[in-house]
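Asks: From Swiss-Prot, for reference:
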type    : residues                : note
MOD_RES : 2                       : N-acetylalanine
DOMAIN  : 8-43                    : domain 'EF-hand 1'
BINDING : 21, 23, 25, 27, 32      : Ca(2+) 1 binding site
DOMAIN  : 44-79                   : domain 'EF-hand 2'
BINDING : 57, 59, 61, 63, 68      : Ca(2+) 2 binding site
DOMAIN  : 81-116                  : domain 'EF-hand 3'
BINDING : 94, 96, 98, 100, 105    : Ca(2+) 3 binding site
DOMAIN  : 117-149                 : domain 'EF-hand 4'
BINDING : 130, 132, 134, 136, 141 : Ca(2+) 4 binding site
C-alpha cells in the first residue's frame, strides 16, 4: 500500500512523522501521539491513544515506526478525508470560529505542531489555498485544498 506513494508524499510524511516523534528515536509512543493531538486542540483519553496506536502497530510492540506510519497515511489517503474529518480539521485552524482561517491562525496551529514558519511561508500557504484572493481561507477553499493533496 505504501508503495503507491510518491517520493514527495513520503518525504512529507517523514516530516510529519518527526513532528510526532518528539525524542527522535524513530518511534511514536502514545505519549508523543497525545502531545501532538492536544496541541491540535483534541483531548484523547489514554485508551483512545492506545487504540490509535494498535490500529497501525503491525509488529505489536506498542509504538509506531515509520513504515507503520506510512501504511497508516496511505490507508488514510485512500479513504479520502470524510466531510466530517475535514470540518473538524477546519475548526482546529479557525480559532475564532468566524468561518475563515487567517494567517495568524494558521501560524498558531503550525507553531503548536512544532513547525516554526516564517511569515513568508505562512503567506505562501495562504496564497496557495486562497482562491478568491481575500487573504484568508474559507471553508470551500479549505475543502478544495484538502482534497487536492
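Along the chain as shown, the residues are counted starting at 1.
Placement of Cβ uses the backbone N, Cα and C atoms for every residue, glycine included.
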Asks: State the residues, same chain only, that lie 6 or more residues beyond the ends of the domain 'EF-hand 2' (44-79) and have a CB under 8 A from a CB inside it; answer 'none' if no residue qualifies.
Replies: 1-2, 4-5, 9-10, 13-14, 16-17, 20, 26-30, 33-34, 37-38, 149
Asks: Quick one: pull the CA-CA distance for residue 25 (Ca(2+) 1 binding site) versus residue 98 (Ca(2+) 3 binding site), whole Å only.
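Replies: If we compare the Cα positions of residue 25 (Ca(2+) 1 binding site) and residue 98 (Ca(2+) 3 binding site), the gap is 40 Å.
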Asks: Compute the mean position of the Cβ atoms of 57, 59, 61, 63, 68, which form the recorded Ca(2+) 2 site, and then list in sequence order the other residues of that chain whose Cβ is within 8 Å of it.
Replies: 27, 53, 56, 58, 60, 62, 64, 65
Asks: Can you tell me which parts of the same chain pack against the domain 'EF-hand 3' (81-116), counting only residues 6+ beyond its ends and a CB-CB cutoff under 8 A?
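Replies: Sequence-distant neighbours of the domain 'EF-hand 3' (81-116): 19, 22, 36, 39-42, 122-123, 125-126, 135-139, 142-143, 146-147.
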Asks: What's the CA-CA gap between residue 94 (Ca(2+) 3 binding site) and residue 141 (Ca(2+) 4 binding site) in angstrom, rounded?
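Replies: Distance between the two Cα atoms comes out at 13 Å.
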Asks: Have a look at the binding-site residues (23, 57) and report the one with the fewest Cβ neighbours inside 10 Å.
Replies: 23
Asks: Under the DSSP assignment, what numbers of helix, strand and coil residues are found in the domain 'EF-hand 4' (117-149)?
Replies: 21 helix, 2 strand, 10 coil
Asks: Give the sequence-ordered list of residues that share a chain with residue 136 (Ca(2+) 4 binding site), lie 6 or more positions from it, and have CB atoms under 8 Å from its CB.
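Replies: Listed in sequence order: 100, 101, 102, 103, 126, 130.
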Asks: Quick check on the binding-site residues: of 32, 96, whose CB has the lowest count of neighbouring CB atoms inside 10 Å?
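Replies: Counting other Cβ atoms within 10 Å of each of the binding-site residues 32, 96 gives the minimum at 96.
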Asks: Per DSSP, what is the helix/strand/coil residue tally across the domain 'EF-hand 1' (8-43)?
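Replies: Secondary-structure breakdown of the domain 'EF-hand 1' (8-43): 23 helix, 2 strand, 11 coil.
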Asks: Of the binding-site residues 59, 68, 98, 105, 141, which sits closest to residue 32 (Ca(2+) 1 binding site) by Cα distance?
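Replies: So, spelling it out, the nearest of the binding-site residues is 68.
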